[in-house]
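Encoded as structure tokens, the structure appears first; notes follow it.
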């Protein structure tokens, strides 16, 4: 930011400036240590909105492939041991799971907005599933 020349202004007769506390004055007059610039921070929510727009534009899978594959194999072990999967079958399962979760989170967000909140909660997911008829 460029520095600008300050010019004298005529007082408008408002309140007299209050005296600062000694600690505040000392803090303001203390020199900046070595000119270290603090890192830039965005306002709360800005990065979240940017991520929402980015993920809504994209079509790639959001869950990593190998962890998802391990989870599928672990769940399948409970039903039958030594099951084998084609890679296309794992891919189809992952597409279906992600589509289901995205839809569930959309409905959950609508439930939170209906309750005049912006944060989704466990009860919103439960209500969304109940309205869908997935669980009683």
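First residue shown is number 1, and so on along the chain.
Using N, Cα and C of the backbone, Cβ positions are placed for all residues, glycine too.
What Swiss-Prot annotates here:
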MOD_RES   5  N6,N6,N6-trimethyllysine
MOD_RES   5  N6-methyllysine
MOD_RES   10  N6-acetyllysine
MOD_RES   15  N6,N6-dimethyllysine
MOD_RES   19  N6-acetyllysine
MOD_RES   24  N6-acetyllysine
MOD_RES   28  N6-acetyllysine
MOD_RES   28  N6-methyllysine
MOD_RES   37  N6-methyllysine
MOD_RES   37  N6,N6,N6-trimethyllysine
MOD_RES   65  N6-acetyllysine
MOD_RES   80  N6,N6-dimethyllysine
REGION    1-42  region 'Disordered'
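Between the CA atoms of residue 5 (N6,N6,N6-trimethyllysine) and residue 65 (N6-acetyllysine) there is a gap of 59 Å.
Here the modified residues are 5, 37, 65, and the one with the most other Cβ atoms within 10 Å of its Cβ is 65. With a 10 A radius on its CB, residue 80 (N6,N6-dimethyllysine) counts 7 other CB atoms from all the protein chains. For residue 37 (N6-methyllysine) paired with residue 65 (N6-acetyllysine), the C-alpha to C-alpha distance reads 40 Å. Residue 65 (N6-acetyllysine) falls within a helix when secondary structure is assigned with DSSP.
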